[in-house]
Amino acid sequence: MTLTIAIDGPAAAGKGTLSRQIAEEYGFHHLDTGLTYRATAKALLDAGLPLDDEAVAERMALEVELSGLDRSILSAHAIGEAASKIAVMPAVRRALVEAQRAFSKKEPGTVLDGRDIGTVVCPDAAVKLYVTASPEVRAKRRFDEIVGNGAVADYAAIFDDVKKRDERDMGRADSPLRPADDAHLLDTSEMSIEAAFQAAKSLIDAALIKKI
Ligand code: C5P
């Protein structure tokens, strides 16, 4: 039997790092589902195709290869913005969710992170976490990351982006970002990465013991 851990939350809440650490700890396969939306958006941008044609975007989504997803290529800000625009399209979501569900069945277990994993992609996941942090903390983390990489950043503009992305992800009609009813909430606003990992591990261990 495969065990699936579903991790959802808004942009820059720390769920990516946390998901990778959890997958390593339990020896599970990891899929950052945001990359599937990003890869679809990048394919459209590269081909000079519009971001508002659902049939065209669906065709690109059907061609996304999960094995070829590379965050270092897909992390660009413009790709994230484009991803959140095409993520409102039901046909795009249907295509990507099908691939994500197939991935979630890999043995011995999987960690999927995104916006709708606990609610739509894997509603029967063994453990669901909803990782969040205040918009101010999330914007500050992104700011520090950019400055840490030696680039120039504008906190006010980043904060604006975080709020806009939240509105788009939480406000869309199909699969809006929200915690599943049975998700454990983890607010990382005042937590270090290590503390968030330990808190997540305790929640997962407790949930897994109940399942066995
Ligand atoms: O998490 P990341 O910033 O890479 O995701 C990019 C965009 O893809 C999000 O803003 C969201 O609109 C979309 N997304 C989604 N459902 C997921 C993962 C990402 O709609 N499961």
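Keep in mind that glycine also has a Cβ here, set from the backbone N, Cα and C atoms.
For ALA11 (ATP binding site), the same-chain residues 6+ apart in sequence whose C-beta sits under 8 angstroms from its C-beta are GLY80, ARG138, VAL162, ARG165, ASP166, ASP169. If you look up TrEMBL, you'll see GLY9, PRO10, ALA11, ALA12, ALA13, GLY14, LYS15, GLY16, THR17 marked as ATP binding site.
What TrEMBL records for 5-196 is domain 'Cytidylate kinase'.
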Out of GLY9, ALA13, LYS15, THR17, which binding-site residues lie by ligand 1, with a C-beta less than 6 Å from some atom of it? none
For ALA11 (ATP binding site), name the DSSP secondary structure in the helix/strand/coil scheme. coil
Tell me the Cβ contacts of GLY9 (ATP binding site) under 8 Å, same chain only and six or more apart in sequence, or just say none. LYS15, ASP113, ARG115, LEU129, TYR130, VAL131, THR132, LEU177
